[in-house]
Each structure stands twice: as structure tokens, then as C-alpha cells.
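Novice: Below is a structure I'd like to ask you about.
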Amino acid sequence: AAACACAQALFGHCYGNGLKARGRRRRMGLRRLLLRYYPPGIILEYVQGGEAMTRSIDLLNLRPDTDAIALVEEIQKGEPLITASCKEYVIHLVRRLQEKLEEKDDHKFYLFKVLRAHILPLTNVAFNKSGSRFITGSYDRTCKVWDTTSGEELHMLEGHGNVVYTIAFNNPYGDKIATGSFDKTCKLWSTETGKCYHTFRGHNAEIVCLSFNLQSTLVATGSMDTTAKIWDIEKGEEIVTLSGHSAEIIALSFNTTGDRIITCSFDHTGAVWDVGTGRMLHTLVGHRGEISSAQFNWDCSLIVTASMDKTCMLWNATTGTHITTLTGHSNEILDVCFDYAGQLIATASADGSARVYNAETKECIAKLEGHGGEISKVCFNPRGNRILTASSDKTARLWDVATGQCLQILEGHTDEIFSCAFNYKGDIIITGSKDNTCRIWH
């Protein structure tokens, strides 16, 4: 279902008799096809046994010169829902995706708005999928919801008894917000009304990280009490506690299918857990320093971890085995991420540089050099051809992934920038700084 919210709906012409007959026979009928631009794919909405279902055809290796007809014929061999009556339309969708890949991207960003969000220091900023809303967390114990276009404060989410440290929208939907606090609780809120749905209690120390699953059924919290907890969004109940780390958990992340979660700890290890049972499946041992960040790639085959030991490690997500160590930085690595397709890795370091690695060849393909201070945050735009970095030198920079060239310096903040993000289309940027302002760039 999450994939559908990520997609632009396109109603197909796949309603030929052949499909209906086959649908009755298999009790499976295609309702519609949806296009997903990032990463490239086609979502199938279908009915099976009277129940609405979705599944995706990921086209992560699609290129502008890929033979669309041959590709669709290959898809048909493994996908019974793509019948002869659909073929032409699916070819059309693939070509739409190819056109998107070929679009020129010479967007220059300009400062649109400066917002002084809170009196006390900011802790975090986050966009919803479209970038129409963003949220800010603060030491003032509140989270605020903002309209990006008008700069108007829509809601102040009050109720925490201490610093609101970690915040997130349940993207791609964006109708809920989670806030994690030093008061040891996590709260779930309505984006629309600002009403608090649930307060999740159970941690014995500060909550410092949280994440929704892509399906928006669960939220996970990580705490200084060495545990993570997974909570049911609808029922407002704890599902499971993930116990096994010997030190604080400082980062966590679900995979795209929502059946696995990774936690990172000050104990120098990462852990992969089964979301349904809470069982620890793998311990990722090898780093010689605290793990600062970790992520699954899109197809859930790889995990990347970043560490204070100046390295990143790539792991097989299924077996938990170490694949390779990505070296080159001369200081702590503070952030790491995959691009949407899971084929590139970007790292941000206290040495003032960022690097781009090819996940398949493990080669460093670009060094992003120019910042005058440590880089604490790095992210790809959805297309994967641009990287945004946030630095203690008071600037954010936009880079060309292919060449490593700095395309633009986003200047104006008067203190360290600790947070930056793109919206889903990649045409809006938000930066959050210790100067207590957020800047919106169009």
C-alpha cells in the first residue's frame, strides 16, 4: 500500500476479456497500474479473493536506452497479471519512466523563506513527501507543524515533559507525526488536527531516534536505555522490545518491506531484527567505534553502516555477513545513505568531505570537497544525480554525483547546519541550523 502512495496514479486499459477470465480462474484481477518514479517501478493494484492487494515491479536498472519492448516481454514471463491486453500500456509506462530519467536537471535553488521556529534550540527538521508541510523539534519541549509555502505555523504539538529530540512524518502518507523525547516517551499525532493519538510509554531513558515503517503500521523507537521498541500505530500498543545491545541505541531504520529493522549502538555493533517476532537475526560485528548511522538499500539486499572509526561497512542483509569496508575518510563518518535505487552510497565525515561509492563495485566514484568544517548530514535527491550536504561551516552544498563538482553553495545561516532534506520531487530543500532558523530553498 505504501508504494501506491509513492506513485502517480495512471489508469490503464488492462481490462480485456482475457484478463477477466484469467482473473476469475485465479481469483486474481488487475484493477490498475501505478507509476513510481523514484526508484523506477510499476505498482500493480489487484484483487485476490475479494481483497485489494498491491505489489511492485522494481526497475532499478532501467536506463534511457533500455529496450522497453524486450523488458516488458521479460516482465510478462514472471508476472501473470501483465497479460497480452496490458502489454502496450505497460510499454507506455516504461517509456514514461525512461523520459523521466532523461529529463535535464539544471535546477538552481534560491532562498524562499527564513523561519525562526522556536526560542530554544532546534533539534531536528523533516518534510512530508511533497514538501508542503515540515516539522521542527526543539529543546522547548514542542514540535511545530508548518505550511512550507506560507511559512505559517499550523500546529504546536505540546505535551512532552522534556526536549523533543527526534521527529518524523509517516511518509509517504504524511498524515501522522511521531515525536521522541528525553522524557522517555514517544507521541503519535495527527498532521491535520495536531491531536495526540497515543503516548507510547515503556523506555527507561531518553528516546533519541525513531522511524516509521514504509507501510505506516508501525513506529520504532531507540533509547539510551540500550533497547528499541516497536509500537502498533492503530492500537497504540507496544508490540515488542528489542533487547541485546550493551550500550545506547542511537539510530535505527526499517527495510522497505517492513519485516526487518536495523539498530545501531554505542557498543560498536549493528543488529538486524525480525520485526514480527523481535528476534535478533544478525549482529554486525567489525567496527572499532560507535556506529553513527545505518540503512537498508531499496531491495533489502544490502545494509550500510557508518562509524566513528572512519569507515563504512557494507553487509549482506540476508545473512548478516560483512561484504567490504569502504575507506578513505581521515576522520569520523557521521552519516551515510543509499540513493533511492540502492546502487550508490554517500558518506559524510568530520574530515569536511563527503564521498560517493558504487555499491556494486565498492569503488569510490566521487570525492565531494570544499566544505570548511565537518559534514554531519548527507542525502541524495530522489533521482540520485544530486547530493546535498550540511556542514558546521554554516553552509549546505549541492553536488553533481557524476562529477563530484559543487553546483551550488546555500549560504545565509549564521551557525552550524545540522539537518537538510529534499522533498520527493527534489525541487524543494530544507536546512535546519543551530542559529535557530529553518531555511526553505526553491
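Positions of Cβ are set from backbone N, Cα and C atoms, glycine also.
Quick paste from TrEMBL:
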- 115-156: repeat 'WD' (REPEAT)
- 157-199: repeat 'WD' (REPEAT)
- 200-241: repeat 'WD' (REPEAT)
- 242-283: repeat 'WD' (REPEAT)
- 284-325: repeat 'WD' (REPEAT)
- 326-367: repeat 'WD' (REPEAT)
- 368-409: repeat 'WD' (REPEAT)
- 410-442: repeat 'WD' (REPEAT)
Novice: In the repeat 'WD' (157-199), how many residues does DSSP put in helix, strand and coil?
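Specialist: For the repeat 'WD' (157-199), the helix, strand and coil counts are 0 helix, 22 strand, 21 coil.
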Novice: Give the mean pLDDT for the repeat 'WD' (284-325) on the 0 to 100 scale.
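Specialist: A mean pLDDT of 98 is what the model gives the repeat 'WD' (284-325).
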Novice: List the helix, strand and coil residue totals of the repeat 'WD' (368-409) as derived from DSSP.
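Specialist: Each residue of the repeat 'WD' (368-409) counted once, the result is 0 helix, 22 strand, 20 coil.
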Novice: Within the same chain, where does the repeat 'WD' (410-442) have neighbours whose Cβ lies under 8 angstroms from its own Cβ atoms, ignoring anything closer than 6 residues to its ends? I mean 6 or more beyond.
Specialist: 6, 38, 105, 107, 109-119, 121-122, 124-131, 134, 136, 146, 148, 151, 172, 373, 376-377, 379-383, 386, 388-398
